[in-house]
Each structure stands twice: as structure tokens, then as C-alpha cells.
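Asks: Quick one: the structure is below, questions incoming.
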Amino acid sequence: MRVLKFGGTSVANAERFLRVADILESNARQGQVATVLSAPAKITNHLVAMIEKTISGQDALPNISDAERIFAELLTGLAAAQPGFPLAQLKTFVDQEFAQIKHVLHGISLLGQCPDSINAALICRGEKMSIAIMAGVLEARGHNVTVIDPVEKLLAVGHYLESTVDIAESTRRIAASRIPADHMVLMAGFTAGNEKGELVVLGRNGSDYSAAVLAACLRADCCEIWTDVDGVYTCDPRQVPDARLLKSMSYQEAMELSYFGAKVLHPRTITPIAQFQIPCLIKNTGNPQAPGTLIGASRDEDELPVKGISNLNNMAMFSVSGPGMKGMVGMAARVFAAMSRARISVVLITQSSSEYSISFCVPQSDCVRAERAMQEEFYLELKEGLLEPLAVTERLAIISVVGDGMRTLRGISAKFFAALARANINIVAIAQGSSERSISVVVNNDDATTGVRVTHQMLFNTDQVIEVFVIGVGGVGGALLEQLKRQQSWLKNKHIDLRVCGVANSKALLTNVHGLNLENWQEELAQAKEPFNLGRLIRLVKEYHLLNPVIVDCTSSQAVADQYADFLREGFHVVTPNKKANTSSMDYYHQLRYAAEKSRRKFLYDTNVGAGLPVIENLQNLLNAGDELMKFSGILSGSLSYIFGKLDEGMSFSEATTLAREMGYTEPDPRDDLSGMDVARKLLILARETGRELELADIEIEPVLPAEFNAEGDVAAFMANLSQLDDLFAARVAKARDEGKVLRYVGNIDEDGVCRVKIAEVDGNDPLFKVKNGENALAFYSHYYQPLPLVLRGYGAGNDVTAAGVFADLLRTLSWKLGV
């Protein structure tokens with residue numbers, strides 16, 4: 001005997017009803033089957049709404065009409081698709097049921113209230129009609145059917161609206177029915193009868209519980225719960241799209257997961273099948289070929305040590321504390337007795353080892369009643385000051401990690417807490433069962449989904465996510481997007497899910513949290529109407545619970561740089577080649593570092609100096625290892641490296657500058673390069689990295705252009721006038737050559753910490769002597785590197801090398817996941 005249960009979505013319309021009948025027929029070929037059905041989707045909600053509206057004097061007719069329509073369409077569809085379907089008979093039956101519903105609602109309207117016994121009798125009508133209709137379908141297909149009346153056969157004790165079945169007595173009653181072996185068995189879910197023979201319902205998820213009870217009473221070989229998902233997942237796929245489908249789990253794991261909010265099974269459903277060691281298979285009505293998830297007495301040892309992550313939202317936490325707690329016997333008992341009398345379920349408990357406080361969580365909906373019960377129970381203690389005023393924290397959620405393997409595997413809790421910490425989620429309370437099968441944390445309600453996602457990513461080793469927003473898609477930004485597109489297969493092989501979720505230029509912002517199409521982002525951005533807005537990006541991160549959002553600023557904008565601290569505070573990493581932020585005031589410089597540290601986010605700017613050369617990271621590594629910079633000299637501009645190299649080769653200054661501009665080494669207006677300000681900014685960044693508290697105004701700058709030269713006018717006029725400087729530079733080059741030296745545009749930090757940017761004459765022993773053609777070279781003289789310096793040399797200009805450096809920084813944001 002197998003017991004199959006089908007939920008409301010599985011019998012929502014004629015097509016699905018017939019699919020259920022097909023599944024029953026297929027299973028019946030392997031042995032006798034018993035089936036428990038829910039009401040069609042939405043019907044129970046309509047019945048509940050009818051009662052509530054009638055009590056409050058509102059019009060329940062829309063709900064009645066909608067429910068009648070659902071059944072009318074169901075019957076019509078079945079009659080069209082199933083030969084021999086008894087349409088007239090069942091239409092009469094359904095009409096009689098709705099006539100009875102309307103009659104009872106009229107009585108409720110006269111009373112102005114609905115007794116629980118009447119409430120129970122109304123809200124289970126949908127299940128009763130489902131069974132009658134399924135019996136009609138199966139009989140039309142030539143099957144013998146026995147319908148078990150749950151009110152007669154299942155004895156339940158408890159409240160009218162939430163009863164518990166006495167399995168021993170119910171087993172005896174069903175056995176006395178002597179069901180023929182060739183009959184298909186049907187029973188309405190959600191319903192039972194009390195000792196008076198009155199109808200009662202089995203509470204939330206009552207149909208699942210009915211199926212488990214029937215399986216226990218029949219000592220079935222298996223209980224199958226057919227639903228609209230393929231089985232039990234490691235967490236809710238709506239929260240984590242890459243949640244894994246579990247092949248199997250133990251009864252205890254299923255109990256823990258369901259208790260803490262997993263939607264597939266209710267804890268009461270598991271108790272009967274676990275008691276009688278009946279395997280339970282979770283299957284998908286829409287995908288019957290899927291293997292599903294098997295819940296049983298033991299688990300495969302090769303399975304995951306952690307089976308799932310679940311969450312319960314909308315909780316409130318009460319904390320009872322005070323000197324009167326310590327050493328006083330029975331305080332905990334009084335707390336929970338008060339909750340019991342108020343009929344409030346306590347979801348989580350935690351107590352300090354000092355006995356000074358005890359905290360517990362209840363559903364938010366019970367908060368007012370719970371507080372009243374606690375105030376009444378401890379009235380005297382609160383009045384006399386033996387207890388501190390009750391602390392009530394609302395809008396909380398409980399996140400739980402569950403798995404039998406946690407008992408023998410070290411480090412699960414550490415990973416759990418580390419994931420939450422790196423997502424900036426504060427833990428309010430912690431609880432762990434003595435079985436070591438689960439550990440739960442209480443967090444803010446708004447953090448629940450993010451908490452589940454980061455925990456799942458940490459524990460189940462799914463693809464590491466980087467959600468990138470690129471601001472500025474010109475030279476460097478465009479090259480970066482091209483590199484990201486080109487490297488997608490490499491990233492996938494490394495299990496890195498790098499999505500470009502947004503691109504922006506000075507005119508528009510284009511976003512897609514699932515990732516933009518990198519083949520045609522230019523066309524989409526050209527059509528976008530939304531302007532760039534920090535608030536919009538922050539809302540996206542919060543609304544979609546993005547795990548690892550990164551702002552990549554490829555502009556040279558001071559306005560964007562001024563928003564970095566806000567980005568960091570809102571949970572973004574910031575990666576940028578833009579030097580403006582790091583060369584703003586020292587106050588803002590410190591703000592950025594504080595915001596990054598406080599938010600546990602990274603501010604990465606390795607491309608600020610040397611483009612793709614690993615300058616900043618190597619300097620930081622040296623300083624972190626205890627080294628100290630004594631002095632520094634470097635060629636920090638690719639454009640000026642190119643220009644001064646061409647002067648060595650005999651080219652005039654004006655020709656060299658024109659060629660550098662044509663080759664793309666300089667800015668569109670070469671005056672930006674020739675002013676020396678770009679080199680000064682880079683030198684300031686290096687100086688600040690070594691701990692020097694300097695402002696940009698503290699850098700001594702010798703521009704390439706002499707002060708007496710008229711550099712006014714547009715770019716064309718400026719370029720035309722450059723030939724006036726050819727003789728001056730030719731003379732300086734000749735003088736240096738006579739001394740065995742060359743001209744280089746150099747940034748220096750001397751041993752006194754003074755920073756200068758100037759045209760320098762360097763000899764053949766200097767590491768900068770041979771640097772030209774757009775190369776950068778940086779010579780660090782330190783305690784560890786002397787008398788020969790640490791030299792970093794390579795191309796330090798160009799969109800591709802800068803974009804490559806930004807790409808490398810992007811990958812460094814993954815260290816929050818890797819723990820490095």
C-alpha cells in the first residue's frame with residue numbers, strides 16, 4: 001500500500017486533475033494506492049474570507065462567485081476531456097454544497113459570529129468536493145473506488161480548528177472497514193472527527209498531516225507528498241535561485257527544517273511517519289519523472305553534512321532579566337507556563353550561563369498577548385525591581401542551519417557566523433540544540449533573505465558571485481566590459497558568477513540584476529532613459545538582496561568620487577582607476593577607509609598608480625610586513641614616458657607630443673598630462689600609502705611647460721604653439737646627453753618626506769634611465785630593499801592594461817567568500 005497526497009496546486013484545474021488521475025493509475029499498477037486530496041488552489045482561502053467578511057458585515061459574494069466559478073470550470077473541463085465523467089451528478093453535488101455554504105453564512109450573519117465548530121465545517125468543504133470529483137474521474141476510467149470518511153474513521157482530540165489524530169484508535173476503525181484489495185482508496189485531507197462524532201480540522205498543512213496519519217494507520221510502504229516543486233531543496237529556491245535539490249534526508253533533519261520554516265512539510269506531518277518508520281517521498285505533480293526527495297530513517301553517508309537552511313520571519317523576542325533570576329528555582333518554568341496558558345508557541349529559547357537572563361522568540365502576531373501574559377505572571381517581581389522591565393524586540397527572523405553531519409564536522413558554525421558577519425548582518429541571539437543537528441540565529445527581519453543567501457553560498461560552495469556596476473563606459477570602462485565578455489567561460493570554469501548588473505555614462509543608467517547582455521549593452525544604454533542615481537543602485541541592492549555588489553568607477557569625475565563613502569556604507573565594494581578620491585582631502589581619505597572597514601567592504605584602487613602594474617598591492621604588502629619606505633623615485637606617466645623617450649631619439653618636443661596624442665597616450669587635451677598634476681596625484685597616493693599626512697597642495701610641481709609659455713586657447717591652437725618650445729627642450733636634452741644623462745619626468749619622495757614632481761636628469765646607474773616608450777617604472781628604496789631598490793616596471797598607460805588591473809581588483813572582492 002502506498003499513500004499519495006496531492007496539494008491544492010496539483011488539483012487546481014481540469015488538466016492537473018487528470019494528471020493526478022494518471023499518476024494514481026500508474027502507481028496502482030505496482031500495488032494498491034490510497035489518495036488524500038486538498039481543496040483546489042484558492043478555495044480554502046475563499047472559504048476563510050467568506051466567514052471573515054460575513055462576521056464583519058462585508059460582502060462575501062465575490063468570494064462565493066469566484067469559488068463557484070473555479071468548480072464550474074473544473075467540472076466543465078473534466079467533462080470535455082474525460083469520457084464517461086458524471087457531469088450532471090457532480091454538478092448537482094457541488095451546487096448542493098454551495099447552497100449549504102450560503103445557508104450557513106446567512107446564519108453567521110444573523111449571529112454576528114462564527115462558532116469554531118461551524119468554522120471547521122465550512123473551511124473543509126473544498127476537500128470534500130475534490131474527493132467526490134476524483135471519484136467520478138476514476139470510476140469513469142473503470143476503477144473501483146472506496147472513499148474513507150475521515151470524520152468517521154479518524155478520531156482526533158483537541159480544538160475544533162487544530163486537532164491531533166489518535167492513530168491507534170483510527171487504525172482500528174480503518175481496519176474494520178475491510179477495504180477490498182482491488183479498490184483505489186480516496187480520503188479528504190484536513191478533516192477528522194472528535195469523540196462526539198463532530199467534524200474537526202487538523203490545522204495548518206492539515207492535508208499533509210492527514211496523509212501521514214493515513215499512511216501510519218494503513219502501515220503503508222511509503223507516503224508520497226505530491227506538490228509543485230521537485231522535492232526538498234537546500235533552501236527556498238525563491239530566495240536562492242541555485243539552491244540544490246536534496247536526494248534524501250533523515251526524519252530528524254526534515255523535522256528541524258520544517259520547524260524552522262521550510263515550506264515542503266509541516267513538523268506534525270513527520271511525526272506519524274517517523275513513529276512507524278514509513279519512508280516519505282516528496283514528488284512534483286508537474287514533473288513526475290523527477291526522483292524527488294526521500295525522507296527516511298537513515299541518510300546516505302555521502303550526502304552533505306548540512307542539508308538545508310531555513311528561515312522564520314516576523315518573530316518577536318522577549319528577554320527576562322534581573323537579579324531576581326539568579327538562583328531562583330522555577331523561573332524558566334513560570335515563563336513557559338505563562339506562554340502555555342496564553343496558547344502561544346515558543347519558537348526559540350536561549351539562556352545565559354550566569355542565569356541572569358532568559359530570552360525566547362514567539363510569532364510577531366502573538367507579541368501583544370505574550371507581553372500581557374508575562375506582565376501578569378511577573379507582576380510582583382517587576383514591581384519590586386527583582387526583574388528589569390521586559391525587553392521586547394520586534395521584526396526579527398530566525399535563520400537555521402540543519403544537518404545530521406553537523407554533529408561530526410567541525411567548523412560549520414564558524415562558516416555560518418562568518419558569512420553573516422561579512423554581509424554586515426548583526427546576530428541578536430544564538431541557539432543550538434543538544435543533538436547538534438541544528439544551529440539557529442536571530443537577526444533583523446530585513447536581513448533574513450540576505451542571510452540565507454550568504455549562508456547558502458558559504459556552506460554549499462556554489463558559484464561565487466560578483467555583481468558589477470560600471471560607471472563610465474568610455475576608454476577604460478569599455479575595455480573592461482570587453483574583457484569581462486571575453487573571459488566569461490574562464491570565470492565559469494572557476495565557479496565565478498560575474499554579472500554586469502549595471503552600466504552608466506553621463507547621460508543614462510542601464511540595469512539588470514540578472515546580468516546585462518554584454519553583446520549589445522551599447523545599444524541598450526543608448527536607449528536607456530534613466531539618469532545615473534546613487535539611490536537607485538542602493539534600492540536595487542536592497543530589493544534583490546545582492547550579495548557582492550561592486551561599483552567600478554572608470555570616470556575621472558570628482559562628483560562620483562565624492563560618493564564612494566556612501567557606496568561603501570551601503571554595502572558596495574568600490575574598485576576604481578579614478579585618482580580623485582584618494583587625492584581629495586585627508587579627512588575624506590580617512591572617511592573612505594573607515595567606511596570600508598566599518599562596512600566590511602573593500603576599497604580597491606591598484607590602478608590609481610601604474611595602471612595594470614601591481615603597485616599599490618605590493619607596497620601595502622611591504623608595509624604590512626614591517627618594511628618602511630626611505631625614499632622613492634618613479635616615472636608615473638605613460639604619456640610623459642613616451643614623450644621624453646622620443647626626445648632621447650632626437651624628435652622635437654612638439655612632434656613627440658603630437659605623436660603621443662595620436663597614439664592615444666595623452667588625454668584629448670595634452671595640457672592635462674603636461675601640467676604634471678596627474679603625476680602629482682599618483683605621487684600623493686603613494687605618499688599617503690606610506691602614512692604621510694599630505695594634501696595635494698603639499699606636492700611641489702614643476703610642470704613640463706615653462707611658466708612663461710602661453711598655453712591658452714583651444715587644443716588646436718595650443719598644439720600649433722608647441723613648436724615654440726622645441727629649441728628649449730633640444731638644448732636641455734643635449735646638455736643632459738653631454739653629461740651621460742637623459743631627461744625624465746620623475747616623481748620623488750625624499751628621505752625627509754618631501755614630495756616633488758619635476759623634469760630630472762638621470763644617469764646610467766639610475767633604474768629610470770632606460771624607461772621610455774610609455775613604460776612606467778617605480779623604484780622603492782626601503783629598509784628591506786637597499787642599496788638596490790625594488791623596481792616595478794611595465795606599461796602604465798592604455799585602456800587595456802588599466803582595464804586588466806581593474807579586472808584583477810574585481811576578483812579580489814571575492815576574498816570575503818574565500819576567507820583570504
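Note that Cβ sites are derived from N, Cα and C of the backbone, with glycine treated the same way.
Per Swiss-Prot, the features are:
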- 250-470: region 'Interface' (REGION)
- 320-394: domain 'ACT 1' (DOMAIN)
- 401-478: domain 'ACT 2' (DOMAIN)
- Val473, Gly475, Val476, Ala504, Thr555, Gly798: NAD(+) binding site (BINDING)
- Val476, Thr555, Ser556, Lys579, Gly798: NADPH binding site (BINDING)
- Val476, Lys507, Thr555, Lys579, Gly664, Glu667, Gly798: NADP(+) binding site (BINDING)
- Asp606, Val609, Ala611, Leu613: Na(+) binding site (BINDING)
- Glu667, Asp678: L-homoserine binding site (BINDING)
- Lys682: active site, proton donor (ACT_SITE)
Asks: Given the recorded positions Ser556, Leu613, Lys682, find the one whose Cα is closest in space to the Cα of Ala504 (NAD(+) binding site).
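Replies: Going through Ser556, Leu613, Lys682 one by one, the Cα closest to that of Ala504 (NAD(+) binding site) is Ser556.
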Asks: Measuring Cα to Cα, tell me the gap between Val473 (NAD(+) binding site) and Val609 (Na(+) binding site) in whole angstrom.
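Replies: With distance taken Cα to Cα, Val609 (Na(+) binding site) is 20 Å from Val473 (NAD(+) binding site).
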Asks: Given Glu667 (NADP(+) binding site) and Asp678 (L-homoserine binding site), what distance in Å do their CA atoms have, once rounded to a whole number?
Replies: 11
Asks: For each of Asp606, Glu667, Asp678, count the other CB atoms within 10 A of its CB; which of these binding-site residues has the top count?
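Replies: Per the Cβ count, the most surrounded site is Asp606.
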Asks: Where does Ala504 (NAD(+) binding site) sit in the DSSP three-state scheme?
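Replies: Reduced to three states, the DSSP call for Ala504 (NAD(+) binding site) is strand.
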Asks: Cβ neighbours within 10 Å, counted over all protein chains: which one of the recorded positions Lys507, Lys579, Lys682 has the most?
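Replies: Going through Lys507, Lys579, Lys682 one by one, the largest Cβ count within 10 Å is at Lys682.
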Asks: Within a 10 Å radius of its Cβ, which of these binding-site residues (Val473, Val476, Ala611) has the fewest neighbouring Cβ atoms?
Replies: Val473
Asks: What's the longest C-alpha separation between any two of Val476, Lys507, Thr555, Lys579, Gly664, Glu667, Gly798, the listed NADP(+)-binding residues, in angstrom?
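Replies: It comes out at 24 Å between the most distant Cα atoms.
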Asks: Count the other Cβ atoms sitting within 10 Å of the Cβ of Ala504 (NAD(+) binding site), across every protein chain shown.
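Replies: For Ala504 (NAD(+) binding site), the 10 Å Cβ neighbour count is 27.
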Asks: Over the region 'Interface' (250-470), what is the model's average pLDDT?
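Replies: Result for the region 'Interface' (250-470): average pLDDT 86.
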Asks: If you count other C-beta atoms within 10 angstroms, which of the binding-site residues Gly475, Gly664, Gly798 is the most crowded?
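Replies: That would be Gly798, with the most Cβ atoms nearby.
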Asks: Taking Thr555, Ser556 as the binding-site residues to compare, which has the smallest set of other Cβ atoms within 10 Å?
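Replies: Each of the binding-site residues Thr555, Ser556 was scored; lowest Cβ tally within 10 Å is Ser556.
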Asks: Could you state, as a whole number of Å, the largest distance between Cα atoms of any two of Val473, Gly475, Val476, Ala504, Thr555, Gly798, the listed NAD(+) binders?
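Replies: Among the residues the record ties to NAD(+), max Cα distance equals 21 Å.
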Asks: Specify the secondary structure state of Ser556 (NADPH binding site) as given by DSSP, simplified to three classes.
Replies: coil
Asks: Tell me, in order along the sequence, which binding-site residues from Thr555, Ser556, Lys579, Val609, Asp678, Gly798 have their CA within 10 Å of Gly664 (NADP(+) binding site).
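Replies: Passing the 10 Å Cα cut: Gly798.
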Asks: Relative to the Cβ of Leu613 (Na(+) binding site), which residues of the same chain, six or more apart in sequence, are found under 8 Å away?
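Replies: The list for Leu613 (Na(+) binding site) reads Asn776, Leu778, Leu792, Arg793, Gly794, Gly796, Gly805, given in order along the sequence.
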